[in-house]
Every structure is written in structure tokens, then in C-alpha cells.
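**Q** Found this in Swiss-Prot, in case it helps:
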BINDING   ARG92, ARG102, ARG126, ASP216  substrate binding site
BINDING   ASP216, ASP240, ASP244  Mg(2+) binding site
BINDING   GLY276, SER277, ALA278, PRO279, ASP280, ILE281, ALA282, GLY283, LYS284, GLY285, ILE286, ALA287, ASP288  NAD(+) binding site
SITE      TYR133  site 'Important for catalysis'
SITE      LYS183  site 'Important for catalysis'
Amino acid sequence: MKLAVIPGDGIGTEVTAEALKVMRAALAGSGESIETTDYDLGARRYLRNGELLTDDDLASLREHDAILLGAVGDPRTVPSGVLERGLLLKMRFVLDHHVNLRPSVLYPGVTSPLSDPGKVDFIVVREGTEGLYAGNGGSIRVDTPHEVANETSVNTRYGVERVVRYAFDRAQERRKKLTLVHKTNVLVYAGGLWQRTVDQVAQEYLDVTVDYCHIDAATIYMVTDPSRFDVIVTDNLFGDIITDLAGAVTGGIGLAASGNIDATGTNPSMFEPVHGSAPDIAGKGIADPTAAILSGALLFRHLGKTDEADAIEAAVRNDVASRDGSIRTEEVGTRIANSLDS
């Protein structure tokens, strides 16, 4: 298995090392191994030579089965938006990572801000390359009293359908329920396309129950009845917002993993923890590597290593449930890896 590894900045290097440790432990005895290539991408490289992501970088990344990312950014030295647009979004569009996958699980032992959350275990399938993030907009008469700015949400049948099909496939593997989240009563054109696509594709997945929530109602249900959700499919902007809410409901983004996926398999998909680079604690050995480890499990699952993914997720669940509150980065990774060897 050939993995491109982007440790990135801050705690990214530390948590990625533990993720790889656990992934190798999960593969032990299978006859398979992980071959890694490290890429110096992120704030450090940008500050050193002004480069973000070159054509040579992209060509080299494409030679791998998948990409494991730690975290990038340093708000102390790089202005907001530079790395997001020039590195992360560029990679997403060029490598056609049209699916953003975000599992949301409330693990035993983790405190939710909800008084009685019940069992929380759902995934959000967010469209990643269209919508309001497609970059279709502009401004005129800037810095005048008559300034005009617009951002156009771009939604294509092709783009919507491939994400909807991916969501239905995931629903078939899970509890067989899919919820479309949008705002069809106001966004009648984009919302109409999403609703019609879901209705039509649903005819091929008759064992999956389908329902619909306006985005505002979905945020209410996520804090009053999160167990109602199994697979949520939604557009780029709504998905960006609702996944952060899902992270908060399940104890914070420190445990949240994500996948940026080319569902066709043409390009390598990328997996990363949702948390940032946390430069304030970098090098102290206290960063929680759990989200990075769970990102490794997502990577395995994407590549068909279901048993290994299941084993990592079970090991994480057991470890999180038995923690005493203190975190040492290397100790957590070693403990989870050793539990897979036993």
C-alpha cells in the first residue's frame, strides 16, 4: 500500500506518526505493508519559498493509493485563507475530491453538551466541489457606496448525482436510512435539483428509507434528537456548517475524522483529522491523536480493508472509554497499537 503522507504543521507531525503506528499494527500478520512518501506541504514550506502546491507535487501525489494529512496552517504567520485556497481547496478540485465524508460518533466515556443525547452514530456526506465554494463570483465598484458582490451556487446534475449515489451506497452498508438536508422551499432551483436527484436515485435503492429536512430544522434535530440520523447527504455550504455542529454534539472536533474522496478511484483520496495544527501545543506531546487514528481507519475502509478499519475503530472505542482524562500523544498511539497486536 503506497501512502502519500502530508504531516503538515504544528501537531500534524505528531498525530500522523501515531496514526501510521496504529495502521501498521492493524496490518501486522496480513502480509501487507505500508510504503510512505512524505510531502513538505503547509505553512513551513510557504514561508520558506512561497510555494503551496506545485504541478510536480500533484503528479507525485497521484502515484499513491491514498493521502494521509496531519494538519496545516499557522495563524501566527500565514494569513487566513492562503493555505485553505492555495493548498487544500486546490487539491480538492484538481484531485476531484467530490465527496467529503464525516462520521459523527459519540463514544462511551465522552461527554456531550447534550443532557440526554442517546446513541449518536451517523455520517454526513457533503458535496465537495460545487455549490457556493466553486469560486463563481465577483465584485464591482469595490470600496464605493455602490459596491456589488455576488457568489453563485453551482449545482450540476452530474455533480449532485455522484454524491447522492455515494450516500445511498453508505446507507445500504449501515442502518438503511438517508436524509437529504437542504432548503428547497427557498432555494428552489438548486434545491429542486437535489430533491429530484435523490427521488430518482432512490428507485434503485428500495431498501433505503429516505426523508428530508430543511437545514434549519436539521440543526434543531441534531441537538434534540441526533439518533434520528443515519446518513445525511447535503451540499457544500450546508455540509460545512452541519458537520461542525455534529462535531460539537459528539464531544468536539478533537475526535473527528474526515475523508475527501474521489469516489471513482481515479485520484487518490485524502484522509485527515478535522482539528487544526494547534501550534500552541506543538512539540509538547499532549495532542490527542485519536482523530488522526480514526482517519487512518477511514482510509483503510475506503481501500477495502474493512476488517482492519473495524479493528481500529473498536480499539479506539475501548481506549476512549477507559481514559482518565490525561493525554500523552505517543502513549495513546502505542496503547491502541498494542491492543491490536494482542
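Note that Cβ sites are derived from N, Cα and C of the backbone, with glycine treated the same way.
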**Q** Quick check: which same-chain residues outside ASP216, ASP240, ASP244 lie with their CB within 8 A of the centre of the Mg(2+) site CB atoms?
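**A** Near the Mg(2+) site, the remaining chain residues are ILE215, THR219, LEU237, PHE238, GLY239, ILE241, ILE242, THR243, LEU245.
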**Q** Using C-alpha atoms, which one of the binding-site residues ARG102, ARG126, ASP216 comes nearest to ASP280 (NAD(+) binding site)?
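**A** Nearest listed residue in space: ARG102.
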**Q** As a test of the contact definition, list every same-chain residue at least 6 positions from ARG126 (substrate binding site) whose Cβ is closer than 8 Å to its Cβ.
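**A** In sequence order, VAL99, ASN100, LEU101, ARG102, VAL163, THR234, ASP235, ASN236, PHE238, GLY239, ASP240, THR243 meet the Cβ cut-off.
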**Q** Give me the Cα-Cα distance between ASP288 (NAD(+) binding site) and LYS183 (site 'Important for catalysis'), rounded to a whole Å.
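**A** Rounded to the nearest whole number, the Cα-Cα distance is 36 Å.
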**Q** Whole-number answer please: how many Å between the C-alpha atoms of LYS183 (site 'Important for catalysis') and ASP216 (substrate binding site)?
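**A** Approximately 8 Å lies between the Cα of LYS183 (site 'Important for catalysis') and that of ASP216 (substrate binding site).
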**Q** So for ARG92 (substrate binding site), how many other CB atoms are inside 10 Å of its CB?
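**A** Result for ARG92 (substrate binding site): 18 other Cβ atoms within 10 Å.
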**Q** Around ARG102 (substrate binding site), how many other C-beta atoms are within 10 angstroms of its C-beta?
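**A** Taking every protein chain into account, the count is 24.
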**Q** Can you give me the Cα-Cα distance between ILE286 (NAD(+) binding site) and TYR133 (site 'Important for catalysis') in Å, rounded to a whole number?
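**A** Their Cα atoms are separated by 34 Å.
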**Q** Measure from the CA atom of TYR133 (site 'Important for catalysis') to the CA atom of ARG92 (substrate binding site) and give the result in Å, rounded to a whole number.
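**A** The Cα atom of ARG92 (substrate binding site) is 11 Å away from the Cα atom of TYR133 (site 'Important for catalysis').
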**Q** Relative to the Cβ position of LYS284 (NAD(+) binding site), how many further Cβ atoms are located within 10 Å?
**A** 12
**Q** Rounded to an integer, what is the Cα-Cα distance in Å between GLY276 (NAD(+) binding site) and ASP216 (substrate binding site)?
**A** 27
**Q** Mind giving me a neighbour count for ALA282 (NAD(+) binding site)? Other Cβ atoms within 10 Å of its Cβ, every protein chain shown.
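**A** Neighbour count, Cβ to Cβ under the 10 Å cut-off: 18.
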**Q** What count of other C-beta atoms do you get within 10 angstroms of the C-beta of ILE286 (NAD(+) binding site), across all chains shown?
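**A** Result for ILE286 (NAD(+) binding site): 14 neighbouring Cβ atoms inside 10 Å.
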**Q** Where ASP216 (substrate binding site) and LYS284 (NAD(+) binding site) are concerned, what is their Cα separation in Å, rounded?
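**A** Approximately 40 Å lies between the Cα of ASP216 (substrate binding site) and that of LYS284 (NAD(+) binding site).
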